[in-house]
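One structure below.
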Ligand code: NAD
């Protein structure tokens, strides 16, 4: 299939590479020349602009993987943006993590233009992008999901249809809000137990076979040394950055405001990560938030 790919950053680059490896014909663009170079070396066609990707002869699908909603608006809705130039019928797929309201607005604009669009944010991080094991949360019409599914399956393992336009982003913000909250809960519980004299491994073992168990305790425990492969056991490097969690909690609280729904725990979690980031720790894995509880943050 002839596919356009715009946004070749930490996630987009390995995702696009997996599509090339799967035999798709790719036209790619990113403002960073080195990123485009990496793809053209692998066999993709290096386009010179967003517009050039959209105008690739015979294009069937176009995927974007951009930092945030402002970039998605600019790339799709800008004066010389994608919607102004992309031929009717090309299926548009945005995999960036953005708020559901913007996703729905851009999808509606695309629809008016004669292009179906799905939102397909991902979970799984750069490791999942490289290994082709991402989870895609997809919002869009049934027929469009059926068209996009086989392509996404070359970049991910779980491709979930979440409902109509914007619902992929809804699933993503709801999940990540819970993750942000549960990590702080895990950090408090682990810190409390250890401060009161328990061994961290034994405590984690009890929690993980009891009612407090969750992903933040059994797979990504924030206490150093409990899980050898978790970021906590390598100085909170790698993993999912505090600033990325902060971005997702911002999306969740913004979406909650639009829905007029109180998310007190989500908002509190957002403020705690914001304080941690303001201390200069935005680049550390988000489980490092435990350091503010243990009194170890600088
Ligand atoms: P990134 O900043 O590494 O990559 C974004 C790319 O978009 C950059 O290469 C940038 O040059 C390009 N870009 C910016 N403006 C552009 C424009 N106008 N036209 C074309 N290209 C443009 O970000 P990332 O880590 O790859 O994340 C991408 C998205 O995926 C974000 O929305 C992020 O929240 C989400 N996400 C990231 C992770 C992760 O672990 N990094 C995990 C899940 C979801």
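The backbone N, Cα and C atoms fix where each Cβ goes, and this holds for glycine too.
What TrEMBL says about this protein:
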ACT_SITE  172  active site
DOMAIN    2-163  domain '6-phosphogluconate dehydrogenase NADP-binding'
DOMAIN    166-292  domain '3-hydroxyisobutyrate dehydrogenase-like NAD-binding'
Return the count of C-beta atoms lying within 10 angstroms of the C-beta of residue 172 (active site), excluding that atom itself. 27
What are the helix, strand and coil residue counts for the domain '3-hydroxyisobutyrate dehydrogenase-like NAD-binding' (166-292) according to DSSP? 87 helix, 2 strand, 38 coil
